[in-house]
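Below you'll find the structure, written out as structure tokens, and then a few comments.
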């Protein structure tokens, strides 16, 4: 199971003022429920994805249930930021420093958890080899998207000194956030230009030998193309190899499970790129992750500007449906839905699905009042970071794995059916 399904949001990002006040705004229950549902989905696909390929990450093109987890969390981050920064109780410089510190905390946690210190249940080793430390990861991506979206909300919004929203802002909130939409468009254009315009030359990589004394195996990958979106010759992987270094990328990418890389047939030889590292949370693909976060900002702005349920639902359903439709059309016409590349069609489809699901949860929980049946998901949403660290990162399973009776095989995990 790839670790890139782990996208988490810090609970402090939603419904909290930047400095203490006597009265805190009420939390949006549906947002906590949506976050908790996404955490539950994340745990489900992590634990059962290896057994049920239909819900595991798509090896390359296409999208499965697991591929919706990350954009859902990015969308939630955007909604939360819109609620957090609807009123600045401090200067922009202080707010910027707060955002930088929070992003730095997420980066550090991401490096510790996904950089190699926690090796998993079957690879319990001590220490981290700095030369092969994974630099990017899901928490690192969430930190980047959070920081960009927070800075947009701090610096690219025209604010007035009035405590209430003006009539013009209520009737046309898009005008207040037009610079954010311009930035989202510019980021999309930059991503598409680099993805289809960069020249990808031939490249080599090494993998260690099975024996300590044996030389490393060297593989050559032939490319020399532009605009290729295959696993071997895409610009997303090239940017990461050039800037981060191939030794700092994810060592078990999803395309290992593609038909080309299958070793089941004795008459077929897998391509040379099948064992190459590739980071699904790389630098170039994170550009579109920022766009997903900005789309979530729009949904949060609707909450701020419209208090009527009907207006909120209308302003949510229309863009969500349009995004999903555009994404499917792009996929049909050749711009495939691809989580590893975070393609434009993938951005549209997943953001549209997030908008529709969030609207449905809002109707059930905040409009119809079905809060009691969703209390557990709400609790999970409020403690999402803790659940991510304990469950998704194998901290709790590794802790339980350390206690056994007479011999290591008689441990608690095996007792409850987990090998």
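Glycine too: its Cβ is placed from the backbone N, Cα and C atoms.
In TrEMBL, annotation is done automatically, which means it is predicted and not curated.
What you see is a predicted model, and the numbers here were worked out from it, not measured in a lab.
Taken from TrEMBL, the feature domain 'Heparan-alpha-glucosaminide N-acetyltransferase catalytic' covers 27-151. Counting residues per DSSP class in helix, strand and coil order gives 83 helix, 2 strand, 40 coil for the domain 'Heparan-alpha-glucosaminide N-acetyltransferase catalytic' (27-151).
The feature transmembrane segment is assigned by TrEMBL to 28-45 (among others).
Look at TrEMBL and you will find 65-85 (among others) tagged as transmembrane segment.
Taken from TrEMBL, the feature transmembrane segment applies to 106-126 (among others).
According to TrEMBL, the transmembrane segment annotation covers 138-158 (among others).
Using a Cβ-Cβ cut-off under 8 Å and counting only residues 6 or more beyond its ends in the same chain, the transmembrane segment (179-199) has close neighbours at 152-153, 156-157, 224-227, 229, 234-236, 238-239, 284, 287-288, 290-291, 294-295, 297, 341, 343-344, 347. For 179-199 (among others), the entry in TrEMBL reads transmembrane segment.
Per TrEMBL, transmembrane segment is recorded for 283-304 (among others). Remote same-chain partners of the transmembrane segment (283-304), defined as residues 6 or more beyond its termini with a Cβ less than 8 Å from a stretch Cβ, comprise 28, 70-71, 74-83, 86, 136, 141, 144-146, 148-149, 152-153, 165, 173, 176-177, 180-181, 183-184, 187-188, 190-191, 194-195, 235-236, 239-240, 243-244, 311-312, 315-316, 319, 323, 340-344, 346-347, 350-351, 354-355, 358.
Feature annotation from TrEMBL assigns transmembrane segment to 316-337 (among others).
Residues annotated as transmembrane segment in TrEMBL: 343-365 (among others).
The transmembrane segment annotation in TrEMBL covers 385-405 (among others).
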Checklist entry - Taking a Cβ cut-off under 8 Å, which residues six or more beyond the ends of the transmembrane segment (343-365) line up next to it in the same chain? => result 29-31, 33-34, 37, 63, 67-68, 71-72, 75-76, 79, 188, 191-192, 195, 229, 288, 291-292, 295-296, 299, 309, 312-313, 316-317, 319-328, 330-331, 335-337, 371, 374
